[in-house]
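Handing you this structure, nothing more for now.
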Amino acid sequence: MLVLLILHLVAALLAPLFVRWWGPRACYPLALAPAAAFGWALAQTPTVRDGRAVVETYPWVGQLGLELAFRLGTLNWLMTLLVGGVGTLVLVYCARYFSPGSLGLARFATVLVAFAGAMLCVVLADDLLLLYVGWELTTIFSYLLIGHSTERRSSRWAAAQALMVTTLGGLAMLIGFILLGEHAGTYRWSEIAAGSLPAGGYLITAVVLILIGALSKSAVLPFSSWLPVAMAAPTPVSAYLHAAAMVKAGVYLVGLLAPALATVGPWRPVVLGAGLATMIVGGWAALRQTDLKLLLAYGTVSQLGLLVVLTGAGTPDAALAGIAMLLAHALFKATLFLVVGIIDHGAGTRDLRELSGLRHGATPLVAVALLAAASMAGIPPLIGFVAKEAVFAAFLDRPVILAGLVAGTVLTVAYSARFLWGAFADRPGVPPARLDRIAAPLLLPPALLAVAGLVAGPLAGGLDGVLRPYAELFGAVHAHLVLWPGPTPALGLSALVLVAGGALFALRGPLTPLLARLRAPVGGNPGYEWVVGRFDRFAVEVTGATQRGSLPQYLGTILVVLVLLPGGAMLAARPWGERIALWDTPLQLVVATVLAVAAVLAVGSRSRMTAMLLVGVTGYGTAMLFVLYGAPDLALTQFLVETATIAVFVLVLRRLPARFSARPLRRSRWLRRAVGAAVGLVTAGLALVAASARNAPTISAAFPDLAVAEGYGRNVVNVTLVDIRAWDTMGEMAVLVVTATGVASLVFQRSRTGPRPRRQQRGARPQRPGRPVWLRGGARLEERRRSIVLEVMTRLIFHTVVLFSLYLLFSGHNAPGGGFSGGLVAGLALVVRYLAGGRYELAEAAPIGAGTVLGAGLAVSVGTGVVSLLAGGSVLQSARVDLYLPGVGDFYLVTSIFFDIGVYLVVVGLMLDILRSLGAEVDRHIEAAGGATSRLAVERGEGA
Amino acid sequence: MSAGGAGPTLVLVVIVGVLVGCGVSLLLERSLTRILLGVILLGNGVNLLILLGGRPGVAPVVGTGAVEEMSDAVPQAMVLTSIVITFGLTAFLLAVGYRSWYLTGDDEVPDDIEDRQIIRRAERDEVTTEDLGGEGADADPEQVDPEPARRRLRRGEGVE
């Protein structure tokens with residue numbers, strides 16, 4: 001059975017390709033998938049007739065005890081035949097129904113085949129959770145199919161409504177399944193049904209929830225409204241989803257669970273009450289429709305109510321009648337929908353007030369429709385008659401229900417007649433429509449279904465044998481499916497129903513005012529709209545109350561929560577230890593004082609540049625604290641980063657206003673500071689708690705030994721970065737690459753990969769004779785912006801600095817340094833080149849794209865990991881290579897150096913990208929703007 | 001070097017509080033530059049906070065001192081990563097600030113327009129969507145698919 005599902009999946013995936021090749025005719029090969037399901041089910045008939053089941057299980061999610069468990073019993077067998085058979089015919093029909101240029105045909109074909117697969121999953125699943133998965137898949141695919149005409153509002157609305165109602169039901173059902181499964185200890189329905197469910201209040205809840213799912217799927221009251229609305233779908237979809245397949249899923253579920261659950265308290269009242277009401281109300285509504293498709297839709301709602309009553313009643317005879325009715329309904333209702341599709345297609349309308357004289361010249365179509373409608377009305381010798389006889393016979397001892405069923409059936413007869421009359425009658429005053437020759441692929445599917453309904457009637461005896469095992473699940477079966485039962489009360493009721501239904505149809509004229517006044521609530525669209533509207537209003541209110549749109553407000557809320565909850569907990573518990581040292585070394589106090597003063601001043605500063613410099617002071621101060629704490633690597637990196645930060649800041653601040661705009665809201669400023677002070681206090685408290693909270697030995701005790709033994713390095717921090725915790729570093733590099741790309745894309749208006757600014761024409765600017773050229777790109781700077789001292793210094797130190805950065809990179813394994821600090825030093829060298837010589841000098845210094853450097857760095861690091869994997873180690877494992885070089889002697893290389901080289905390149909690439917964007921490109925903006933604002937903000941402003 | 005022993009050091013605890021407090025005050029401002037400076041201050045404070053989780057000591061380089069006296073290497077590796085990421089974030093926010101200035105002449109973060117619209121809707125008791133599917137007051141609500149194919153054909157859209 002898994003093979004069939006996979007076949008559907010493959011067909012669905014191939015569908016777009018087929019549609020591109022063959023247009024609508026692609027539906028022919030696609031029809032093979034449901035046809036295979038049909039054929040397979042047919043081959044299993046002997047097994048099913050013997051009352052045995054075909055079982056297949058495959059392991060799926062072992063941890064959850066989830067299996068792909070399939071089981072083919074009698075009910076599953078029938079549903080598989082219907083899903084596969086009608087699916088095949090509908091696909092064949094689609095091949096001619098759609099014109100070659102139809103929009104969205106590839107999507108339609110894909111989704112329709114996928115839907116057939118999902119439906120198959122529902123009817124074959126034995127595991128309730130697997131059934132749920134298939135169930136929700138059918139919901140989603142039906143959403144896509146109903147909303148096929150995406151450009152029409154009614155279509156989108158109908159799709160959303162179907163999705164909303166059935167998903168809600170599905171979720172309720174899932175909870176019900178879980179309740180059942182957890183109490184029974186298994187999710188395999190065959191096992192749950194075989195054992196006895198533990199009694200308890202949960203069972204009632206579970207039954208109600210599952211029934212909500214089943215009834216909403218089958219459009220039974222009070223969930224009926226979505227089905228008529230769903231008629232916005234293309235007609236083949238209606239024929240398949242809304243007659244034969246999807247809406248039957250609810251009936252199928254009721255029928256599947258009834259043998260075990262029908263005796264549970266609320267089951268029978270709910271099923272019988274809702275089913276009967278739906279049957280009568282739906283039938284009444286069908287009498288008022290003028291759109292033939294809607295007439296059928298309300299008829300379907302009515303019949304679904306009947307089916308739910310039959311399969312849910314929980315008696316053997318009703319079950320036998322129910323399963324026969326299930327077959328009969330699929331055969332005649334799918335036929336009628338397909339007939340409506342042909343009429344709509346040929347006549348251009350399906351409104352019965354505009355149709356006239358169609359029966360002339362369309363004899364085959366009329367015959368097909370007649371057969372199907374007669375079966376719907378229950379006229380012998382069709383299968384519909386056999387089923388209806390069984391229905392009446394099954395409820396002869398329950399007069400109330402029987403009365404309801406008879407009333408509903410009278411309505412069925414009446415709207416069957418109304419359908420035929422509406423489709424084919426001659427109407428005076430209406431220009432007669434004519435159908436052109438109907439293509440065989442359009443006529444063949446409904447004809448086959450109608451003939452099947454005709455043949456199945458006389459074969460009722462054989463059918464009885466095959467379907468009986470299902471009814472026997474409920475107990476001993478007394479009834480039989482027979483074509484001619486002889487003179488019985490049921491036969492009398494049938495005759496009565498036919499006469500009454502015919503009379504109701506004949507009286508349609510006088511009854512019109514009554515029909516118009518007595519509007520059935522089954523099209524409960526207003527109710528649905530009311531609920532959705534309420535939700536919408538509620539959502540608007542909640543969003544309006546919480547999403548105020550102000551960033552400070554959001555941050556403030558988060559921070560206040562931080563103060564109240566962890567801060568309050570801290571005050572309540574007072575977990576800090578007694579021993580608090582004032583300082584590790586008195587120097588800390590000096591540094592900390594400077595740092596604190598700078599931080600507080602930075603908050604109050606009105607000038608951008610001053611604030612930035614003060615924050616820089618805190619950065620350098622933090623670096624000093626790192627030194628005093630015994631963290632030289634951190635201190636080195638912090639110093640370098642702080643310097644780079646200031647450089648980048650200056651690049652941007654030259655464009656921004658010198659001062660922050662004055663904000664008059666003084667109260668809010670004090671509020672901000674109060675929040676700041678509170679958060680600071682809580683954080684200090686947290687620091688105190690965290691520092692004294694250690695109650696287990698630190699894992700870093702093992703790191704020194706690990707670093708030497710496995711990382712072959714002595715600098716523990718660096719080995720941690722490139723070996724022990726190398727994955728973290730890999731993630732960080734990815735972040736840096738993304739950041740660099742983000743910076744570039746925010747500043748560049750065009751692609752940054754285009755031609756780089758190069759020194760265009762050598763000597764474009766006349767050079768003063770005799771003046772030595774220190775930086776070639778500097779010659780293109782404006783004269784007043786050049787600084788000869790800076791140029792000379794840059795010329796002298798640049799290569800030394802780059803060399804030093806390489807030294808840091810290579811020595812980092814054993815001494816403070818490494819890829820980060822090395823890369824930052826090299827980046828600062830580039831900053832110096834840029835500051836001294838401008839953007840042309842930057843291009844001169846690094847004639848390579850920043851993206852290339854970033855990509856190379858990432859590639860080198862990832863490559864190191866891959867190589868160590870290929871060499872048989874784990875990813876990013878280090879190896880030591882001993883080498884000998886004449887003149888140097890023995891030395892060794894650790895492979896993680898390549899990882900560090902990658903880090904180095906990424907950091908250099910980041911710096912280069914920042915300089916290209918915030919430096920060179922902003923220069924270009926300034927030049928384009930006429931240079932008026934090209935002076936640094938600090939030069940114009942009042943500065944510190 | 002470690003006069004304080006295993007317990008926390010008051011000076012560092014206080015400075016963490018000051019840095020975070022000042023950072024938060026700036027973070028709650030509207031100017032992107034100030035927000036960014038707040039992030040940097042906050043970052044420095046939190047880096048020190050993380051460092052406080054380990055113990056101080058001599059540099060964690062094998063061979064320069066006794067292993068027992070070394071400072072804790074794990075928070076240091078974490079903080080080193082964090083310093084570099086903060087730098088990347090700084091550059092990114094500066095670029096955002098520049099972009100904001102380039103487009104609006106300022107680097108202030110205004111209130112979200114969409115959010116303000118929703119608030120206005122809430123005040124006027126409106127719903128968010130107009131797509132409620134009603135087909136007009138005169139239409140029969142049960143005739144939900146009132147557009148027969150002929151009209152579509154007339155418009156030349158093809159059938160279905």
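Glycine residues also receive a Cβ, built from the backbone N, Cα and C atoms like all the rest.
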What range among A:25-44, A:585-604, A:705-724 does TrEMBL record as transmembrane segment?
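Checked against TrEMBL: transmembrane segment maps to A:585-604.
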Given A:267-287, A:918-938, which one carries TrEMBL's transmembrane segment label?
A:267-287
Same chain only, please: residues at least 6 beyond the ends of the transmembrane segment (A:158-180) with a C-beta under 8 Å from a C-beta of the stretch. Say none if there are none.
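Here the qualifying positions are 128-129, 131-132, 135-136, 139-140, 142-144, 146-147, 187, 192, 197, 202-203, 205-210, 212-217, 223, 225-227, 229-233, 253, 528, 532.
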Test the contact criterion for the transmembrane segment (A:635-653) and the transmembrane segment (A:611-629): 3 or more CB pairs under 8 Å, pairs 6 or more apart in sequence, then answer yes or no.
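As far as Cβ distances go (cut-off 8 Å, pairs 6 or more apart), the transmembrane segment (A:635-653) and the transmembrane segment (A:611-629) touch.
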Six or more residues beyond either end and a Cβ under 8 Å away: which residues meet both conditions relative to the transmembrane segment (A:399-421)?
272, 276, 279-280, 283-284, 286-287, 292, 295-296, 298-299, 302-303, 305-306, 309, 313, 336, 352, 369-370, 373-374, 376-378, 388, 391-392, 493, 496-498, 500-502, 504-505, 508
Summarise the model's confidence over the domain 'Na+/H+ antiporter MnhB subunit-related protein' (A:789-912) as a mean pLDDT value.
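Mean pLDDT across the domain 'Na+/H+ antiporter MnhB subunit-related protein' (A:789-912) comes out at 88.
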So how many of the residues in the domain 'MrpA C-terminal/MbhD' (A:594-657) end up helix, strand or coil by DSSP?
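With helix first, then strand, then coil, the domain 'MrpA C-terminal/MbhD' (A:594-657) has 55 helix, 1 strand, 8 coil.
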Quick check on the domain 'Na+/H+ antiporter MnhB subunit-related protein' (A:789-912): DSSP residue counts for helix, strand, coil, in that order please.
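Going by DSSP assignments, the domain 'Na+/H+ antiporter MnhB subunit-related protein' (A:789-912) contains 88 helix, 12 strand, 24 coil.
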By a Cβ-Cβ criterion of under 8 Å, what residues six or more beyond either terminus of the transmembrane segment (A:77-98) are in contact with it?
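For the transmembrane segment (A:77-98), the nonlocal Cβ contacts are 24-28, 30-31, 34-42, 44-45, 48, 105, 108-109, 112-113, 116, 119-120, 123-124, 234-236, 239-240, 243-245, 248, 252, 323, 326-327, 330, 334, 338, 341, 345, 439, 441-442, 444-446, 448-449, 466-467, 470.
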Please indicate, using numbers and ranges, the residues of the same chain that are 6 or more beyond the transmembrane segment (A:129-146) and have a C-beta under 8 Å from a C-beta there.
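Distal contacts: 60, 66-69, 107-108, 111-112, 114-115, 118-122, 155, 158-160, 162-163, 166-167, 170, 173-174, 177, 181, 187, 189, 213, 217, 230, 232-234, 237, 241, 245-246, 249, 253.
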Taking DSSP states H, G and I as helix and E and B as strand, how many residues of the domain 'MrpA C-terminal/MbhE' (A:666-747) are helix, strand and coil?
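Tallied per class, the domain 'MrpA C-terminal/MbhE' (A:666-747) gives 68 helix, 1 strand, 13 coil.
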